[in-house]
Every structure is written in C-alpha cells, then in structure tokens.
C-alpha cells in the first residue's frame with residue numbers, strides 16, 4: 001500500500017508510545033520532554049513489574065499504562081524499544097492493533113526493516129539507531145524509512161530524534177557499521193575519560209578535579225570537531241607545538257596503537273552487530 005493512502009500524523013497533537021521501558025526509551029522520552037519538544041502527558045509506556053522503571057518514567061511526567069496494548073491504543077506513533085530477541089513476539093502479539101494509521105518506529109538493535117514489516121503486515125515503519133547521550137540532548141541517531149513511510153513520517157521522526165541530538169538518514173545496509181561507531185562508541189569514550197582521569201591522578205591531581213577536567217576536555221574537543229568543521233588531524237596539529245607536551249603525549253598514544261585499537265573496536269562491534277542481526 002502506498003504511503004499516500006495512510007493518514008498523516010498531526011504533528012502538533014500526536015501521542016507517542018514506547019513499547020519497552022528500558023534506558024534508551026527513558027533517554028529519548030526524557031530528552032524530548034526536557035527539550036520542550038513534546039509534553040510529558042502525550043507520552044506513555046507500559047511497565048509490568050519493575051517499580052524502579054515505573055518511577056523513572058513517572059518522575060518526569062510520562063504516563064505508565066497497565067499493558068502494551070493500552071500504549072498502542074493510546075498512541076499515534078509507537079516506538080519499539082524492546083530487546084532484539086523479543087521484538088518479533090511483541091510485534092506479533094500487538095499486530096491486530098498496529099494499524100496502518102499508526103507510524104511505527106523500531107530502535108531494536110539488529111532487527112531489519114524487512115522483518116519488522118513482515119511481522120506487522122505493512123511497511124509504515126522507520127528504523128532508528130540512536131545512542132544513550134539522547135538523555136542529555138546529544139544523541140547521534142541514524143534512520144532509514146520503510147517502504148510505505150512517507151517523507152512527512154520521516155520528518156516527524158527526524159524532529160523527534162533531533163530534539164535529543166543530531167540525526168542522519170542512511171541506507172540500512174550501513175546500520176551494522178553505525179552500531180559499531182555511534183551505537184557502541186559512547187562506551188569507548190567513557191573508557192577514555194576514565195583513563196584520562198586516572199592519568200591525572202597518577203600525575204598528582206585530586207580525583208574529583210581529574211574527572212572534571214577529563215570530562216570537560218572530551219566535551220570541548222568534540223564540540224571543536226563538530227562546530228569548526230576542521231579535520232580532526234588539523235585540530236590535533238593546532239594543539240601540538242614543536243617539541244612540546246602534547247606531541248610527547250601523542251607519541252605515547254601512537255606507540256600504544258591508540259588509533260588502530262579504536263578502529264578495531266568499531267570494526268569488532270560492527271561485526272558483532274551483523275552476527276546478531278543474522279541469528
């Protein structure tokens with residue numbers, strides 16, 4: 001069925017539902033509310049047993065309903081944020097309610113659009129790979145539109161995820177590599193922040209000061225790379241003066257295979273993403 005035959009979602013009044021109330025759903029919901037993009041009463045989810053998860057969502061005003069079916073019935077846009085191993089069962093269970101007038105979105109890692117569309121029986125589906133910094137409005141998300149998702153549907157989802165960071169569109173065949181880079185990447189950077197702070201402590205800094213400096217240094221460097229448009233190699237050269245402290249540190253990083261190790265981490269995570277999507 002063509003996208004033009006679907007009802008357009010009313011962007012000023014639509015209701016958003018999360019099937020799956022994990023950390024990523026919380027990050028996106030909280031980011032959308034805190035940015036002022038979507039009022040909390042227009043967002044719902046369902047939590048069956050975990051009081052901590054219920055409290056997490058209720059703490060910023062999201063409605064917690066008794067069952068997943070209640071969330072679907074209430075929502076115009078439904079985001080599947082369950083673990084990949086259960087997404088098929090969840091979609092099939094809710095299929096009678098997942099009508100073509102609802103825009104469906106999946107952030108389940110490794111679950112392909114062709115499978116999602118087959119399970120639900122139509123292709124008004126959009127797949128998004130977000131990452132956890134959505135909780136602080138700095139997500140790096142990528143989306144791909146299903147066969148019957150309209151450009152208007154794409155714009156709605158781009159604005160939703162754009163309210164919690166930056167979003168790109170890409171062919172789905174690139175998604176495993178995207179998972180390896182931006183999906184898993186925050187964990188690599190947390191390791192780097194921890195290591196920088198440990199280095200500061202080893203050099204004599206108090207722990208709290210070292211951690212603050214490490215976090216802000218990474219944030220500042222990322223902002224420079226993002227906002228100046230300069231190649232990171234140029235930015236590195238700008239800091240590394242002849243015979244100075246920075247080039248001495250860079251030399252140690254090069255001896256340790258720093259760049260190759262980070263490249264290998266992205267490749268290993270992308271490979272694992274492919275394995276999971278084929279299992």
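Each Cβ is built from the backbone N, Cα and C atoms, and glycine gets one as well.
Quick look at what TrEMBL annotates:
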BINDING   19, 20, 21, 22, 23, 24, 46  NADP(+) binding site
BINDING   68  NADPH binding site
DOMAIN    15-110  domain 'Pyrroline-5-carboxylate reductase catalytic N-terminal'
DOMAIN    172-276  domain 'Pyrroline-5-carboxylate reductase dimerisation'
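Feature annotations (TrEMBL) mapped to structure.
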residue: 19; record: NADP(+) binding site; CB count, 10 Å: 27
residue: 20; record: NADP(+) binding site; CB count, 10 Å: 21
residue: 21; record: NADP(+) binding site; CB count, 10 Å: 23
residue: 22; record: NADP(+) binding site; CB count, 10 Å: 16
residue: 23; record: NADP(+) binding site; CB count, 10 Å: 12
residue: 24; record: NADP(+) binding site; CB count, 10 Å: 21
residue: 46; record: NADP(+) binding site; CB count, 10 Å: 22
residue: 68; record: NADPH binding site; CB count, 10 Å: 22
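When the binding-site residues 20, 23, 24 are compared by Cα distance to the residue listed as 'NADPH binding site', the shortest distance belongs to 20. Per-residue pLDDT, averaged along the domain 'Pyrroline-5-carboxylate reductase catalytic N-terminal' (15-110), amounts to 93 for this model.
Taking H, G and I as helix, E and B as strand and the rest as coil, DSSP gives the domain 'Pyrroline-5-carboxylate reductase dimerisation' (172-276) the counts 90 helix, 0 strand, 15 coil.
Residue counts for the domain 'Pyrroline-5-carboxylate reductase catalytic N-terminal' (15-110) under DSSP (helix as H, G, I; strand as E, B; rest coil) come to 44 helix, 19 strand, 33 coil.
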